[in-house]
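Record features (TrEMBL):
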BINDING   GLY11, ALA12, GLY13, LYS14, GLY15, THR16, ARG128, GLY174  ATP binding site
BINDING   THR32, ARG37, ASP58, LEU59, VAL60, GLY86, PHE87, PRO88, ARG89, GLN93, ARG134, ARG146  AMP binding site
REGION    31-60  region 'NMP'
Amino acid sequence: MINIVLFGKPGAGKGTQAEFLKGKYNLTHLSTGDIFRFNIKNDTELGKLAKTFIDNGDLVPDSVTIQMLEAEVEKNADSKGFLFDGFPRTIAQAEALDAFLNSKNQKVTATIALEADDEILVQRLLERGKTSGRADDQDEEKIRNRYQEYNEKTAPLIEYYKGQGNFYAVNGIGLISEITERLSLIIDKL
Ligand code: AMP
């Protein structure tokens, strides 16, 4: 069983790559952003709770996010492994994930970061915002706030996972297929 954390700034291509990797490696793709958006669309309690944070480009509180993620893992008990996309985003989430997987005699096998320059990513998100319908992709101020959240709360995870000796980084700029290839070279050796 392999559990991979796909890591990177908003717009780095985590979701796009996850779509290819999940089939190739038979992994369950869990995107916390997608799960929140599904709940907002269906007007659930969780959706109502998360909406303001998401619309403003702020992180949803850890307690809510961790509980949701663990419930999703439990729902997929037969899975051959997970591809975590957009989770963890804080040290508290990373510690909770470690403890949770540990309780199942599992662990994060690898964390793989998709690296790209901020200015390229901001342009990508604004472009995506024209068709995604996502409020948090359409307003440059909200996008910048997402990067600030990333720099303050998510970037420290790089050192956290480096400390565990399972952190990898790939260049996230290039053709989608080239980037899948770069990721596959790492996953094939796990
Ligand atoms: P994403 O689709 O990954 O860009 O996530 C969209 C938004 O959902 C983020 O800007 C956050 O508001 C929220 N979100 C997604 N994943 C998390 C997480 N792990 N922790 C806190 N908030 C999250």
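We number each residue from 1, going along the chain as drawn.
Each Cβ is built from the backbone N, Cα and C atoms, and glycine gets one as well.
The shown structure was predicted, so the numbers you read here are calculated from the model rather than taken from an experiment.
Known features from TrEMBL, placed on the structure.
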residue : record           : DSSP class
GLY11   : ATP binding site : coil
THR16   : ATP binding site : helix
ASP58   : AMP binding site : coil
PHE87   : AMP binding site : coil
ARG128  : ATP binding site : helix
GLY174  : ATP binding site : coil
Highest CB neighbour count within 10 A among the binding-site residues LYS14, ARG89, ARG128, ARG134?
LYS14
By the count of other Cβ atoms within 10 Å, pick out the sparsest of the binding-site residues GLY11, GLY174.
GLY174
Do you know offhand how many angstrom separate VAL60 (AMP binding site) and GLY11 (ATP binding site) by C-alpha?
18
Integer Cα-Cα distance in angstrom, ARG128 (ATP binding site) to ARG134 (AMP binding site):
9
Near ligand 1, which of the binding-site residues show up if the criterion is a Cβ under 6 Å from one of its atoms? Options: LYS14, VAL60, PHE87.
VAL60, PHE87
Measure from the Cβ of GLY13 (ATP binding site) and count the other Cβ atoms within 10 Å, all protein chains considered.
21
Taking every protein chain shown into account, which of the binding-site residues ALA12, VAL60 has the largest tally of Cβ atoms within 10 Å of its Cβ?
ALA12
Cα of PHE87 (AMP binding site) to Cα of LYS14 (ATP binding site): how many Å, rounded?
11
Quick one: largest C-alpha distance among THR32, ARG37, ASP58, LEU59, VAL60, GLY86, PHE87, PRO88, ARG89, GLN93, ARG134, ARG146, binding AMP per the record, in angstrom?
24
Looking only at the region 'NMP' (31-60), what is the mean pLDDT?
97
Restricting the comparison to the binding-site residues ASP58, ARG89, ARG134, which residue's C-alpha is spatially nearest the C-alpha of THR16 (ATP binding site)?
ARG134
If you count the other Cβ atoms within 10 Å of each Cβ, which of the binding-site residues THR16, THR32 comes out on top?
THR32
